[in-house]
Amino acid sequence: MDKKNVNIFLVFLLPIITFFLFELFLKSITIERTYNLIENGLFACLIIILSFLINSLAFKKFFLKMGFIIFNLCLFFETFYYYHFESIFSASAIFVILETNSIETREFLTSYVTKTILFLFGLSIFIIIYGLKIIDKSICQSIIKKGHKLNYLLIFLILVFLKITNLIVYNVPYLAIKTPITYCQETNKLKIYGEDNQLGSFTNVKHAKSKDKKELYIIVIGESASKAHFQLYNYYRKTTPLLNNIKDELIVLNDVISPHAYTIGSLTKGLTLGNVENPEGKYQGSIIQLLNQAGFRTYWISNQRPVGVSDTQVTQIAKGASKSVFLNIKHTSEKTPYDEVLLPELNKIVQEEGDKKVVFLHMIGEHFFYEKRYPPEFDYFKDKPNTKFKRDDVYKTINAYDNAIRYTDSILGEVIKTARKQNSDSFVMYFSDHGQEVYDEIDFFGQTVDQRVTKNMYEIPMLLWMSDSYKLKNQIALNLNNKYMADDVIHSIADLCNVTSNEIDSTRSIFNEHFKERKRIIKNHIDFDTSFYLNENQ
């Protein structure tokens, strides 16, 4: 092979080795990361061999330079992601990105762009500049004019190998192209839940209506709330003083997990007929459509922005409500409203005419940055929390998270107070979309969607308050310690609202005497209980 060609291969090899050594010294290398290393090498070869097919010197230089820049940025991004999350960048991660708005993106970058990452980025820029100079010197008119047939064969073999071995799923450009297309397709499918199809296609829908009272049912959906940080679940700090004061009035479920560690995955299952065993069920009907068909007036009041790259999939489900209100819509706002903005909207709803209402309140909850989720008067925890990670930044993060939980407690207290004042059969149900790791088990805060997960990313709080008149008329099974996964929330909400249909399964309702436990599978194949608790007991 010509020396100039060797130089081009070596210049592409330089960032591969650099980033791999960075990960090797600062993090442990997993088998998946080794597969990713192989894929990066093959991807580099693919770019170089494709350039051999170009006869124009100017275009050959342009193609190789652009390919080298994109290749380096992909490697930087992979390493950035792996450094913070110890996970391979995946389609699930892109789904989360597509559900993220500009404010959340800024918060993410502020959280995770550290001095180490800035150094790595600077190193990446240096490699790009150096590599571009080498490419300039190495390309001449005479380079590889022959052997086109062999080049075509090599390209074909590399692509086939990447596909057959499934190594292609580690390729960032491939994911960046394929995943948004899949996302848009799924989002378009979920438009069946919009205002043009508020009833859906549930069959044999029946509602056992209260004969002498109005019905007011409130479902509060939290964000990133970890059961492990709730005083209600024996956390050592007073994070839920109001809920603890009325603990005797609550049904507190002790063993609930989310099906995913990110919002879109969890709520598009929990609020629809989709579940882990039948993910396609999410296109077959939502809890909002069911309640509409049962004669309820439904409301969706959200403090989360309705728009990411496009309307989010959860937004599509929400639009099926009789009335949907999104309170956090300022595109240029640097400040997300606190969840207390939900309360005036709730007060308006309870004063409206109508005797059958179901209200969904979607909180911003404990979404990072945690310190931005509560007003100054809730800056309560300032001491050193209990943690094995002894650093000031860790103390600050845990304190902010616990303050955010305490603020959520105040919001739930106000919601319950509002429901209590009504002369109606009513309940308030609260659950979180997913959990959160806050330096509990590992040196990390947030949640991941791939390899590096902890039980706190999945374990969520779930509780129920009921009015006295509701209690008298409804026999709620006390399955307090049963294992439950929140992809079945649709069945539990329908059960609480006394709504039945052919599609609703009482054995999937945690509040029903016929409830049956099932294996709780996360990440497509992992038994949650075996993976976490069996290993802990060994």
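Using the three backbone atoms N, Cα and C, a Cβ is placed for every residue, glycine included.
Note that the coordinates shown come from a computational prediction; the quantities given were computed from them, not determined experimentally.
Feature annotations, courtesy of TrEMBL:
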- 7-25: transmembrane segment (TRANSMEM)
- 37-55: transmembrane segment (TRANSMEM)
- 62-83: transmembrane segment (TRANSMEM)
- 112-132: transmembrane segment (TRANSMEM)
- 152-176: transmembrane segment (TRANSMEM)
- 217-498: domain 'Sulfatase N-terminal' (DOMAIN)
Proximity verdict for the transmembrane segment (37-55) and the transmembrane segment (152-176), three or more C-beta pairs under 8 Å: yes
Remote residues contacting the transmembrane segment (112-132) - C-beta distance under 8 A, at least 6 residues beyond either end: 11-12, 14-15, 18-19, 22, 26, 65, 68-69, 72-73, 75-76, 79-80, 83-84
Same-chain residues at least 6 beyond the ends of the transmembrane segment (152-176) whose Cβ lies under 8 Å from its Cβ atoms: 32, 35-36, 38-40, 42-43, 45-46, 49-50, 53, 70, 74, 77-78, 88-91, 94
Distant-in-sequence neighbours of the transmembrane segment (7-25), which means Cβ under 8 A and at least six residues beyond its ends: 33, 37, 40-41, 44-45, 47-48, 51, 64, 68, 71-72, 75-76, 78-79, 82-83, 120, 123-124, 127, 130-131, 134-135, 137-139
